[in-house]
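Visitor: Straight from TrEMBL, here's the annotation block:
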| type | residues | note |
| --- | --- | --- |
| BINDING | A:46, A:433 | Mg(2+) binding site |
| BINDING | A:65, A:68, A:427 | Ni(2+) binding site |
| BINDING | A:68, A:430 | Fe cation binding site |
């Protein structure tokens, strides 16, 4: 279709978190514009954190995003503890890993069922599915609620967790809480099996673009989500303190949104990146599922990020169950329960510091960095969110995809582009530093 | 009469926020299907691709107003909506977005974006009622499920909902929590509107004031607390600024 003219302007892309636009302008077969714009109102979190106590940072930054608020809390706590020189106990680390498993389960179930599945099933949202696929919708809502409920038991609630703070937990799960969480997770086994059956039926567009994948890497045997170095499939590896060398945030004159790149012009973070980097460390059950679903590293089809999420659902599910069994066996030391972390009792010594947190959240690696004065007051804050890191890669994918599908109808092109962006599960509401994109027409 | 028999057309809108309060809707689980049986959701960008070009019976608005585009958009939504519900702390009191108002606007913009800060618009943070009329308020960061259901019932029946105007302490006492002041930590429970069943304190944290201040706090009681625990006013005010900075404009207005 050499002379084809297509103009697409999707204002407020739906079924993603936050506000993003897709703009495509093809004149007589020549691509003038193919962009993913972020139009979220800036909230200036990094600026607002200045002058606040480092013990308040996790409360504030978990409000960057409602959907990954547990992940933001954990990255924030890690950065604060790094700045203060606090080493968490083994029990605290286990409970944080459990919290992260819950976060992945909750978020991935939401994305796979409510946000991505409607595309594959050919409907505009899950609402029509209430009539046509009632059992599927009920299962999705049931699983979502269960993931949410176990999280409520652990930290008070999933949206903006309450009890996970700098130094540990203000409330530790009692034996009956551990039993309840285990029982609830076990009750989800049938729904897990159905989820895999559904996943096998999902068909994704055949598309390929080689890129760099970035995420946490470690030398131990565990699939790294909470701790590790920053690594890439291009063989690079850095300590988390050097995250700026990996993210290299820059402003492109073509768009005023900040981009990230490492070895190449762009990189991808998220479930697919983690799978490509660490698939050998997945829980054996998750490994088997990946094989069943035909997902192999290194996979270069971004649409299959959703499949990698299904694999991670299984991993986090089994890992969470193993963790709870371990906590039950070893017992919880309630002496570790701490008083809320605003630290008015000065239980944790404060000092001037510069701390970095690097944690995998459902959408990819998340960095928090705080510089504090000797009173523990934040002087500078930097948060680099996963979606921010993915923006450049999304655009390069769009630019490669567009010529391949230009012979299709405008509706088909729009849907494939929307699906592509949605496959990344972008969480634009985390837009700690996006700029409004402006064009010279 | 005909309209009474039809399911009300309900839409969700989001402005500057974390979208966690919208997520609380998805977190209702299968109970959501009961609600969907009683209403007709015509727009909900976070989970639906459908859009609606007619008027709304109920608009549920999340987030605060922080730029010119948002101000124009909320005015249009107000014009098209019979009932408007401000949903969550960002919408009802400005929420954490209000902390921005503690800074000189250009300075904080520059601190985050550097020299290119003027490329995008940013105004002083305002809760919805400081821009357009609000019919119902659902407070909290995030919103509390039982209250969401309660307010929705009232809104759909057309009866008013009175936001609790007693302090969080009144619920905290019933939950038999040890008072945070007795644990040596300042908590905003004495000054914050109840209605969340003292959610945070039940889980070992303090009240951060996310539901806004009671209209008539017990001043003598509060002064007693300040004196008894040797608190300075700045500490408490600093804590209040996390959620309630925008309320200063209410006093001026």
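Including glycine, each Cβ sits where the backbone N, Cα and C put it.
Help me picture these features in the structure, burial and contacts included.
Guide: According to DSSP, residue A:46 (Mg(2+) binding site) sits within a helical segment.
Around the Cβ of residue A:68 (Ni(2+) binding site), a 10 Å sphere holds 30 further Cβ atoms from the protein chains shown.
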Visitor: Would you mind checking how many other C-beta atoms are within 10 angstroms of the C-beta on residue A:46 (Mg(2+) binding site)?
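Guide: Residue A:46 (Mg(2+) binding site): 23 neighbouring Cβ atoms within 10 Å.
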Visitor: In whole Å, note down how far the CA of residue A:46 (Mg(2+) binding site) lies from the CA of residue A:68 (Ni(2+) binding site).
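Guide: Checking the Cα atoms of residue A:68 (Ni(2+) binding site) and residue A:46 (Mg(2+) binding site) gives a distance of 17 Å.
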Visitor: Would you list the binding-site residues among A:46, A:65, A:68, A:427 that come within less than 8 Å, Cβ to Cβ, of chain B, in the order they occur in the sequence, writing 'none' if nothing qualifies?
Guide: A:46, A:65
Visitor: Return only the integer: C-alpha distance in Å from residue A:427 (Ni(2+) binding site) to residue A:46 (Mg(2+) binding site).
Guide: 17
Visitor: Measuring Cα to Cα, tell me the gap between residue A:46 (Mg(2+) binding site) and residue A:65 (Ni(2+) binding site) in whole angstrom.
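Guide: Rounded to a whole number, the Cα-Cα distance is 14 Å.
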Visitor: Tell me the Cβ neighbour count for residue A:65 (Ni(2+) binding site), meaning other Cβ atoms within 10 Å of its Cβ, over all protein chains shown.
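Guide: There are 31 such Cβ atoms around residue A:65 (Ni(2+) binding site).
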